[in-house]
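Structure first, commentary second.
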Amino acid sequence: MDFGRLLTAMVTPFDQNNQLDLKKTTEIIEHLLENGTDGLIVCGTTGESPTLSHKEKLTLFEHVVKVVNGRIPIIAGTGNNNTKASIELTKEVEQIGVDAFLLVSPYYNKPSQEGLYHHFAAIAKETPLPIMLYNIPSRSVVNLNADTIIALSQIDNIVSVKDSSGDLDAIVAVLEHASEGFTVYSGDDSMTLPILSIGGAGVVSVSSHIIGTQMKQMISLYESGKVKKAADLHRELLPVMKALFMAPSPSPVKAALAKNGIDVGSVRLPLVPLSALEEQTLFRVLESIQ
């Protein structure tokens, strides 16, 4: 399923008391729309979903649905490492009016490939809405293997995968053998162009908070056949993409947004803000591209 080319894994804004800031949420949504975002991932890794309460997640989803008002797809992160809890949250959020769900591979409990298959299949069975799988072995410990993704693609409403593995061989296998219409999105900004070049649909981006216009331009250049220009722009943007992951995300992107005049607050523990030295390094990179 095609959700667009440039999807943004949206930060969750907090106020000075580290509580949800819905006013800033509206501001960041409008900022992302103005800069070319085709769809929003809400309550993913960048949205600090592990440190949001159940009530906060529902409040955030309701607010985003209201503000977006059908302008772009909203993909809600409702997956975790508890299958039953994932099903319950998914069914509850479905009623709010989101367009699809992002389901991360279960972390910490290290399921087998069979366990991963049955986890995702069980959730998919409980909702008619489209599902995007999320393969991020660096955080979930286990890799969602190509064969497992291909098998899951046979389930009608499992329509896409956000892949942060960086394994191009596996991604090629998925693109070749998954069910018709199944799409692959890069889960790593720096892999956007390589994944587009082998048939990927686009990227779920963090950098688009800061360089969304340029990333959209890069994708458009590639799609219009101007591959060299797209590659040149990719190399130009790469230092920013890398700098925004110099510390655990979303600490760098929140600091970068504040530097650019959109203060979305700090991060919640166990994440910590950037150090003064890290900020200096990040801001130097940002200044080089502005």
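A Cβ is built for glycine as well, from the same backbone N, Cα and C atoms used for every other residue.
Note that TrEMBL annotation is computational and uncurated.
According to TrEMBL, the site 'Part of a proton relay during catalysis' annotation covers Thr45 (among others). According to DSSP, Thr45 (site 'Part of a proton relay during catalysis') sits in a coil region rather than a helix or strand.
Residues annotated as pyruvate binding site in TrEMBL: Thr46, Val204. Counting Cβ atoms from all protein chains shown, Thr46 (pyruvate binding site) has 22 others lying within 10 Å of its own Cβ.
Within 10 Å of the Cβ of Tyr108 (site 'Part of a proton relay during catalysis') there are 10 other Cβ atoms, across all protein chains. According to TrEMBL, the site 'Part of a proton relay during catalysis' annotation covers Tyr108 (among others).
According to TrEMBL, the feature active site, proton donor/acceptor maps to Tyr134. According to DSSP, Tyr134 (active site, proton donor/acceptor) is assigned to a strand segment.
Residues or ranges marked as active site, schiff-base intermediate with substrate by TrEMBL: Lys162. There are 26 other CB atoms within 10 A of the CB of Lys162 (active site, schiff-base intermediate with substrate), with all protein chains counted.
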Lys162 (active site, schiff-base intermediate with substrate) as reference: those recorded positions from Thr45, Thr46, Tyr108, Tyr134, Val204 with C-alpha within 10 Å of it: Tyr134, Val204
Recorded positions listed as Thr45, Tyr134, Val204, least Cβ neighbours within 10 Å: Thr45
Val204 (pyruvate binding site) in three-state DSSP notation: strand
